[in-house]
Amino acid sequence: MTATIIDGKARAAALREDVAAEVATLKRDHDVTPGLAVVLVGEDPASKVYVANKAKQTVAAGMVSFEHKLPEETSEAALLELVAHLNADPDVDGILVQMPLPKHIDTDRVVEAIDPAKDVDGLHPMNAGRIVLGRPGLVPCTPRGCVILAKEAIGDLTGKHAVVVGRSILVGKPVSLLLQNENCTVSMAHSRTVDLPSLCRQADILVAAVGRTEMIRGDWVKPGACVIDVGINRIPAPERGEGKTRLVGDVAFEEASKVAGAITPVPGGVGPMTIACLLANTVTAARLRRGLPAVDL
Ligand SMILES: Nc1nc2c(c(=O)[nH]1)N[C@@H](CN(C=O)c1ccc(C(=O)N[C@@H](CCC(=O)O)C(=O)O)cc1)CN2
């Protein structure tokens, strides 16, 4: 079997178009232009690229981008002060603090300081609680992207057995809840799971979010399964020239694509969905803050 490659780049572009259309409607009907503030602390090269892309795509969708770049040595108190300022700014509908933060800053404290109504990352305990309860709210971007791509590939997810490998706050935990809300039977696996390969082999939907290069092998995949690879690992690629690197996922793509029914590539799979979902969340936040009903994006 050769798996269908799930085109995250194309799906993300379609979602960004829907977002831009919704932004135009908000402007026309309500004189509202949503604003997204993104805060970067430090010099992490990957984070710098993600933040630049967020700003670029925010503007391309017709929204206002507020970029805050702070030095590595910024104190937690100074960052909390900026968050408080953004919470109070009526032009800011969404706030995202790029992760990872420098080690001297308590990430939980920063996330909890964000106004839940502006928490377009969907990580505030209030929004996490809404997902647990199956209520509408702001949903973390990468997990939402995973569910959109799985539905794109196999349609209704009802009754499917989903195995999520990894239990991070950013991806593993929320994606398992979102899949439950789609009526999946969900198993959450992690470093202490006994016989991980055989659990993975039971998955109709296998979500890999462990951050370990090509850990999920082809013989861990059930024939015909839908494989969603969240990993973004940069490895040396001497075949491309000295000092060159390339991105690979948490799944051994060549092996897995011979067994799976559908699979996301890395790059070009889940990654592009993250920013598209962030833009969609910003529109949702802008509407809800003004008492307008959320639209389906
Ligand atoms: N506050 C947050 N921090 C981080 C999040 C997040 O959702 N909220 N997610 C990741 C990084 N991230 C967005 O912030 C992100 C990761 C990957 C991509 C992406 O488009 N990847 C491309 C490859 C890009 C490349 O060449 O490096 C792909 O997979 O095709 C976008 C956004 C951690 N931090």
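Just so you know, the numbers here start at 1 and follow the chain as drawn.
From the backbone N, Cα and C atoms, a Cβ is placed for every residue, glycine too.
Predicted automatically and left uncurated, TrEMBL annotations should be read as such.
Copied from TrEMBL, the annotated features are:
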| type | residues | note |
| --- | --- | --- |
| BINDING | Gly166, Arg167, Ser168, Ile232 | NADP(+) binding site |
| DOMAIN | 6-121 | domain 'Tetrahydrofolate dehydrogenase/cyclohydrolase catalytic' |
| DOMAIN | 140-288 | domain 'Tetrahydrofolate dehydrogenase/cyclohydrolase NAD(P)-binding' |
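Counting residues per DSSP class in helix, strand and coil order gives 58 helix, 30 strand, 61 coil for the domain 'Tetrahydrofolate dehydrogenase/cyclohydrolase NAD(P)-binding' (140-288).
Ligand 1 lies under 6 Å from the Cβ of none of the binding-site residues Gly166, Arg167, Ser168.
Within the set Gly166, Arg167, Ser168, Ile232 that the record links to NADP(+), no two Cα atoms are more than 16 Å apart, and one pair reaches that distance. Neighbour counts were taken at the CB atom with a 10 A radius for the binding-site residues Ser168, Ile232; the maximum falls on Ile232. In the structure as shown, the Cβ atom of Gly166 (NADP(+) binding site) sits within 10 Å of 24 other Cβ atoms. Note on Arg167 (NADP(+) binding site): other Cβ atoms within 10 Å of its Cβ, all shown chains, come to 17.
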